Amino acid sequence: MAAGRPLAWTLTLWQAWLILIGPSSEEPFPSAVTIKSWVDKMQEDLVTLAKTASGVHQLVDIYEKYQDLYTVEPNNARQLVEIAARDIEKLLSNRSKALVRLALEAEKVQAAHQWREDFASNEVVYYNAKDDLDPEKNDSEPGSQRIKPVFIDDANFRRQVSYQHAAVHIPTDIYEGSTIVLNELNWTSALDDVFKKNREEDPSLLWQVFGSATGLARYYPASPWVDNSRTPNKIDLYDVRRRPWYIQGAASPKDMLILVDVSGSVSGLTLKLIRTSVSEMLETLSDDDFVNVASFNSNAQDVSCFQHLVQANVRNKKVLKDAVNNITAKGITDYKKGFSFAFEQLLNYNVSRANCNKIIMLFTDGGEERAQEIFAKYNKDKKVRVFTFSVGQHNYDRGPIQWMACENKGYYYEIPSIGAIRINTQEYLDVLGRPMVLAGDKAKQVQWTNVYLDALELGLVITGTLPVFNITGQFENKTNLKNQLILGVMGVDVSLEDIKRLTPRFTLCPNGYYFAIDPNGYVLLHPNLQPKPIGVGIPTINLRKRRPNVQNPKSQEPVTLDFLDAELENDIKVEIRNKMIDGESGEKTFRTLVKSQDERYIDKGNRTYTWTPVNGTDYSSLALVLPTYSFYYIKAKIEETITQARYSETLKPDNFEESGYTFLAPRDYCSDLKPSDNNTEFLLNFNEFIDRKTPNNPSCNTDLINRVLLDAGFTNELVQNYWSKQKNIKGVKARFVVTDGGITRVYPKEAGENWQENPETYEDSFYKRSLDNDNYVFTAPYFNKSGPGAYESGIMVSKAVEIYIQGKLLKPAVVGIKIDVNSWIENFTKTSIRDPCAGPVCDCKRNSDVMDCVILDDGGFLLMANHDDYTNQIGRFFGEIDPSLMRHLVNISVYAFNKSYDYQSVCEPGAAPKQGAGHRSAYVPSIADILQIGWWATAAAWSILQQFLLSLTFPRLLEAADMEDDDFTASMSKQSCITEQTQYFFDNDSKSFSGVLDCGNCSRIFHVEKLMNTNLIFIMVESKGTCPCDTRLLIQAEQTSDGPDPCDMVKQPRYRKGPDVCFDNNVLEDYTDCGGVSGLNPSLWSIIGIQFVLLWLVSGSRHCLL
């Protein structure tokens, strides 16, 4: 957070200016006393109007009158957070039991499985999840037979599923008819019975998945794969081994130093292959890992500003990708320099790191040097694994770099062409899994991931993972090791919605909420954890509605949002975060800044944070945040069915004329009553359900329904006994009332038909702001440059209803009005000229040539002006209307500001800033490379030739179909990015400000006056047309940004904790299998055919783009 509070000028300084230079016209500028008298009169008129027309006191009387219909219950924060934490523990524990059953069965079945080289025709029966996406696909591969399940719509999965079958997904670059795949399909079919049994024991289970180390994924229940017609080129790029949950479950955390050879021989195609390979390698790392990339020739250096290992989060990996994309090749190779540099950095324990697997990844075209003395010096005990990658087409002896890997418990890989990158940069996880397998039951610990986006469109989920080991003849005796392979990872999903149900919020008031964090400080649960959907860029109009949860099958990264980025950071929150990570319990009350729901405003409020650990899980702690006015809540006790029926009658659309246009918050009132985005439809369904089954039905949340009925009755009485009996009040376009229970009434009916606010009152920005303010809150409509004048809908004025029941403060509702802008302007103009003056400078005449009079709200948005051309800009940020004056208001402390970053945004390709350290979404090869068909043609031609010359004698058991990663579609998709937005707010108790805006050759006198009991200021200033000044716009709205400098952020990393256990070495490990001729290389004819397909796809894409 960046806050600006420049020193304010005093009234004395302003008076001195007036004496020295005088105003720009011959007539005197109105005195501060005169202006204040105008403002006081306007403020009195506005507050009286809002108070009288809204019926705020009348609603208080109604709540006090009917106290027999409700009780006031306490929100015991400590008790609530403890109960919720235990419920979450129980939920995750139940899911863990399902995982254990699956993992044990998988190991047992695979151990009993007899490997077969041949299968009879159609012997292996399974449902391929991608069958429905490719109607031209053959019904079956040799040895297999396809199942065609009958699917039904399922509300829990939000898609069609079949509980009778499991589905299989096989990556595009894996041949489905290969012997390995057929054997995998054969033995994993036994998991289907366990899947079904788990669901019988717990019908709320979501996806159950086994991800094989070979890339096959079997998941239950069966469901067609996502519609890849949404993806450019219709290429399915999913590989279970690259999903966040698989990466986390397959190996312990890693400290990785990637060492890149940039000598002169590494040039052209080889350098491009290395860049892509490093980028793919970075994608195999998660937030528990640490990484850096260094390059070397005759000298060694870091490729980026990072001078030590950094956390492998999304932002840091982007920095490294961009840096790698800019490396150049020159000089000669000195492996000693490179490895010395790598070991020194990798063994630096003075910085934050994973403190587990220590790895050096060498990417080179080969060489004659072995650097034995460096390994003898730094790695005598072989605690650091070295993996080597021979990249490109060359004639070097592979012996030296293969020796490096074999002598240092690593593995040697060859990447001769594009198609080998994807597989060979992820297979090192199998090697890191060896110590886990050898550790046996000690390593079989359920781990829970960060939040990420489910590939099958379930939304935001977390996944419990458990490694599955190959126990086939694992030990014949204590010393004769037979197997140390990881078969894969078992996963069970938990939807974030399931966790939210355990943290009920509808008694907390809209500004109360739960949140949970993991040991990295990332939030699992938080109202601001709302990533924007890929495919939706920065909106031209910032809607008040909260972003929907995202279903994006392309998302590979976890959705990582630090608690201190989810809220406005301060020292107390840093302390709370640290204590939560340490698993402590605690409570703290303090005053803090709060960003509004629509992210345009900053308010101040008292909050009490109460937190407790969530034991037995990977999530450190759960917290409950309550404002002072949420310590108690209303619990309705409408037991008589007659009263229930009378109140529900007021919700029927037929009664809108009498009761006002009514909106019902789309909540889960009953299990058989599904919320709808169509308000009228939902109201009809709600009333029909209540009439048929009564509010006391066992399938309903009785407290929720009774509260909504109570609010319906109270608000209807406000309409019937007060609003409807008032005569039409000039300047009032509408009246409204919004309640905690979920009722919104707008009167008259016609005004409700144009109501644009969120029917879910707990997510309504103006409602939440009103609760945190004691004043009347004026809210400007959203300005739309391309749309009609926003002012036509009126200015919203709202006020929280405060009641005290037995000394207990409650704010159960907000009332308000919408006022007509033209009437307001007319009224103020009359007010400002009641005392006639002699010249044009001394009042606020309509469309004055020399004087601008404006009213701004506490966010700096325009609400009223004496100029018609300003009127059409009502709702616009004033820094875009009169930027020089707005800057000056900041400089003299009328406004303070907060700059915040949104790490969950998406932007158009190329929209992100190009300068700075790597916050452009990096794809390697670059987009320019992708679109240059010559590069791909060269790559494919060399690859085909090399495969022909080198691979004839090394047919691969697992045949591959060459396919590049997401680089194909990068230039045609939205990209994740960082955006920044600045909120302005009052942070000064002074009521009046005066001064002179110096524009160099001229100046403008101004006076600012706050309107008491509101969130408004009045500004009278000499017209900007009389004195040209700085016209650079001051932007408040969301815009793309580099974000905080990552080079600075890694110097002071935030507090975190890694996993408690580490499996990085085992004395029984057999590391003689370290690559070489035993490696699995692509089949010749498969590679040749797919390389031509690759060329055709890319050239076709390029042709379409042209």
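Every residue, even glycine, has its Cβ placed from backbone N, Cα and C.
Among the ranges 930-950, 1077-1097, the stretch that Swiss-Prot annotates as transmembrane segment is 1077-1097.
Per Swiss-Prot, the annotated N-linked glycosylation site among residues N615, N678, N827 corresponds to N615.
Between the listed residues N784, N988, Swiss-Prot assigns N-linked glycosylation site to N784, with no corresponding entry for the rest in that record. Candidates N186, N898 were compared with Swiss-Prot; the annotation N-linked glycosylation site appears at N186. Your range for motif 'MIDAS-like motif', going by Swiss-Prot and the list 226-230, 251-255, 261-265, 696-700, is 261-265. Of the candidates N326, N606, Swiss-Prot records N-linked glycosylation site for N326; the remaining residues carry no such annotation there, which does not rule it out for them. Counting other C-beta atoms within 10 Å of each candidate's C-beta, the recorded positions S121, S265, N784, N891 are led by S265. For the recorded positions S263, N350, N615, the largest tally of other C-beta atoms within 10 A is found at S263. Scoring each of the glycosylation sites (N94, N186, N326) by how many neighbouring Cβ atoms lie within 10 Å, the top position goes to N186. Helix, strand and coil residue tallies for the motif 'MIDAS-like motif' (261-265), in that order: 0 helix, 1 strand, 4 coil [DSSP]. N615 (N-linked glycosylation site) and D261 (divalent metal cation binding site) have their C-alpha atoms 46 Å apart, to the nearest angstrom. Excluding D261, S263, S265, which define the divalent metal cation site, the same chain contributes V262, G264, V266, N297, A329, G331, I332, T333, T364, D365, G367 within 8 Å (Cβ to the Cβ centroid), listed in sequence order. Using a 10 Å radius centred on the Cβ of D261 (divalent metal cation binding site) and all shown protein chains, the other Cβ atoms total 26. The DSSP breakdown of the domain 'Cache' (448-539) into helical (H, G, I), extended (E, B) and coil residues amounts to 6 helix, 34 strand, 52 coil.
Among the binding-site residues listed here, namely D261, S263, S265, D261 has its C-alpha nearest to that of N350 (N-linked glycosylation site).
S265 (divalent metal cation binding site) sits 47 Å from N186 (N-linked glycosylation site), counting Cα to Cα.
Within the set of recorded positions N94, S121, N326, N784, the entry lying nearest in space to S263 (divalent metal cation binding site) is N326 (CA atoms).
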